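These notes are about the structure you will find just below.
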Amino acid sequence: MTGRSGTMENFGIILIKCLFISIALFHTHGLKKNGHPFIINSVSNPFPLVVNTWDFTNATLKAWQALSEDKRTALDAVEVGCMQCELEQCDFTVGYGGSPDENGETTLDAMIMDGKSMDIGAVGALRRIKHAISVARYVMEYTEHTFLVGDQASAFAKAMNFPEEPLYTPDSHAKWREWIHFNCQPNFWKNVSPNPKQSCGPYTPNQNSLRKSTKRGSSSFNEMNHDTIGMIAIDTEGNIAAGTSTNGANHKIPGRVGDSPIPGSGAYADNEVGAAAATGDGDVMMRFLPSFLAVEEMRKGFQPDIAGQYAMRRIAKFYPKFMGGIVVVNKDGQYGAACHGLSKFHYSVGSEDLGGVKVLTTPCINEYL
């Protein structure tokens, strides 16, 4: 019996040693998923923290300063960070003067979510009001509603003392005129006459075309039409907020609202788990609620990178040509990103561990292409 006991004891020691070796290798080399490194961003001093889509570093810095210097809340950080992009017209896909619709008008979508209370404010197709993210916060804080749209959202903003002003610029008007000149290409119509691939409207329904395959073709979205800043912030109290701001898809059909202001699609936050924010082909992405899905995957115990990859794969299974990206943060301050349809995806992070703001890059999943 003594010999058997000694053998079991030695076996246990070996198992423990193997476990420690595995942990050491993991932290040194990370895991790999489809040949790409998967590294958990372990942080020694996680809060405050800001993570946002794309290399919109001035927005990241504005939010980071609100948290680290001014000691403001996560909600404040998301608002001022997204507002910075609205002022700068980040890539002309956020704020005024970008992405004119078929009538040449720029309209705005935005949302903000409080991960502590689960309160949300959102606006869609907002007209003639420049700071959509702030209007969204007013919806959250001064109404019992979640979402206001169109002219009625603008009327609410005016009642809350937001100034009304044109959102078009000479540049956006020129882009619209050029689009008209080239037969309104590309556009977002299908199954209509005349052929939307060759001419402008007005269009009428084409029943014969409808009977044929309506599978979505190549996406009209790319790196310069990704249409959203999505931002996540965690303040020194550990409270989480997330938000988005965008002027939507270039040359969209008037009245179109994308994924950005849709809770669970554009962004989602839950203090008990973490948050996510997405960007890309919104008409497709909103059908899958990728931000909510990523947060729920973290609730199951998955790390941010893997949760984001799962959300992207869910979409790509049905729409292999879609373009999109997602940033994901858990409640412990670990963060990551995932993407599809691009070679790589840039995202910005502000944290003490990084010494401020830094742009990070992740390779994209393109296995369905």
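Placed from the backbone N, Cα and C atoms, the Cβ positions cover glycine too.
Listed in TrEMBL for this protein:
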TRANSMEM  12-31  transmembrane segment
REGION    199-222  region 'Disordered'
COMPBIAS  204-222  compositional bias 'Polar residues'
ACT_SITE  T228  active site, nucleophile
BINDING   R256, V257, G258, D259, T279, G280, D281, G282  substrate binding site
Rounded Cα separation (Å) that holds between G280 (substrate binding site) and the residue listed as 'active site, nucleophile': 7
Pairwise CA distance, D281 (substrate binding site) versus T228 (active site, nucleophile), rounded so that it is a whole Å: 10
Residue with minimal Cβ packing [other Cβ atoms within 10 Å] among the binding-site residues D259, D281: D281
Residues near V257 (substrate binding site) in space but at least six apart in sequence (CB under 8 A): D109, G124, A125, V149, G248
Which of G258, G280, G282, the listed binding-site residues, has fewest other Cβ atoms within 10 Å: G258
C-alpha spacing of T228 (active site, nucleophile) relative to D259 (substrate binding site), in angstrom: 9
Distance in Å spanning the most remote Cα pair of R256, V257, G258, D259, T279, G280, D281, G282, given for substrate: 16
Under 8 Å by Cβ from the residue listed as 'active site, nucleophile', same chain, sequence gap 6 or more: T53, T93, V94, T244, S245, T246, G258, D259, S260, G266, A278, T279, G280, G282
Other CB atoms, at most 10 A from the CB of R256 (substrate binding site): 17
